[in-house]
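As structure tokens, the structure follows; a few thoughts come after it.
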Amino acid sequence: MNDYLGAHMSIAGGIHKAPARGNRVGCGVIQVFTQNSNQWRGKMPTEGEAALFREQWEAAGLHEIIAHDIYLINLAAPPGETRDKSLAAFREEMERCTRLGIGTIVMHPGAHLGDGEETGIRRICEAFNRLIPAVPEFTGVILLETTAGQGTSLGHTFEQLAAIIAGTAFPDRFAVCFDTCHTFAAGYDFTTGEGYRRVFAEFDRLIGLDRLRCFHLNDSRKGLNSRVDRHEHIGRGTLGLEPFRFLMNDDRFTTVPKILETPKGDDDEFDIMNLNTLRRLVRRRTTKERTEPCPS
């Protein structure tokens, strides 16, 4: 596809199968786990496996493949086993992505576990200040994902994300993945034209739109400021279709990857349904309208 719309794809049977799966459902971009997302240790692909993955990527004609780190990682954890395992796992993620040729990693910033926001952010920054120099061959970008703010999770405010980026020794290596479900659940209302303009103006002021490098497009089963992360099919949750219409017609984000993480079925049916829903929201506009960056 010519657009930058896609979905998270399974790596069952080998990561090399993911590009064709994405192509089959009509993706222009895809996201993958590079290992089992619920295990600490993952297998490093051989040179041959990595070459096959890159060949399949090219054959599928995808603009980009983005990696998502495993869910177990918590770089905000205090010193101890979880932090040690998290550092090792993220380092391995960077190494795998280097071998595979993937230059973008999405990650959840972490949870402070009751030690406070400031302490958690400091620990995240300290972790990255160790990790970036440890894997110099990874020259890509790490995307901090906006979170719903469940429990003690960090990343549910733009201020927190800005503090993490500014607090590292390598701010140029970091950007943001904007998850629509998470951000809405965290209290940012972009379901109206006015709200949409306000939220992205605030993002631009605190972080910069140049650092918005990926969207996770998900509707939400829960309401505004619920602090609960529950994804729903596009247009069938509490967000509704309007914010997705705004995003799909915002020229500032035309070439920013937009990845579905909506519920899966037994086959490709739901991914195809959600991709079609989003593409139907794109409207034909005049040249004058295309110069207007925000929804009317």
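Yeah, the Cβs are placed from backbone N, Cα and C, and that goes for glycine too.
These come from Swiss-Prot:
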- His68, His108, Glu145: Zn(2+) 1 binding site (BINDING)
- Glu145, Asp179, His216, Glu261: Zn(2+) 2 binding site (BINDING)
- His182, Asp229, His231: Zn(2+) 3 binding site (BINDING)
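Spacing of Glu261 (Zn(2+) 2 binding site) relative to His231 (Zn(2+) 3 binding site) is 7 Å (Cα to Cα, whole number).
Taking each Cβ in turn and tallying the other Cβ atoms within 10 Å, the top scorer among the binding-site residues Asp229, Glu261 is Asp229. Of all the Cβ atoms in the protein chains shown, 24 others lie within 10 Å of the Cβ of His108 (Zn(2+) 1 binding site).
Listed binding-site residues: Glu145, Asp179. The one with the lowest count of other Cβ atoms within 10 Å of its Cβ is Glu145. Cα of His108 (Zn(2+) 1 binding site) to Cα of Asp229 (Zn(2+) 3 binding site): a distance of 13 Å. The distance from the Cα of Asp229 (Zn(2+) 3 binding site) to the Cα of Asp179 (Zn(2+) 2 binding site) comes to 10 Å. Counting only same-chain residues six or more apart in sequence, the Cβ atoms lying under 8 angstroms from the Cβ of His68 (Zn(2+) 1 binding site) belong to His8, Gln31, Val32, Phe33, Ser37, Ile105, Val106, Met107. A Cβ within 8 Å of the Cβ centre of Glu145, Asp179, His216, Glu261, the residues given for Zn(2+) 2, is found for these other residues of the same chain: Val106, Thr146, Cys177, Phe178, Thr180, Cys181, His182, Phe215, Asn218, Ile259. For Glu145 (Zn(2+) 1 binding site), the spatially nearest entry among the binding-site residues Asp179, His182, His216, His231 is Asp179, judged by CA separation. For His216 (Zn(2+) 2 binding site), the same-chain residues 6+ apart in sequence whose C-beta sits under 8 angstroms from its C-beta are Val106, Glu145, Cys177, Phe178, Asp179, Thr180, Cys181, His182, Ile259, Leu260, Glu261. Counting other Cβ atoms within 10 Å of each Cβ, the binding-site residues His182, His231 show the lowest value at His231.
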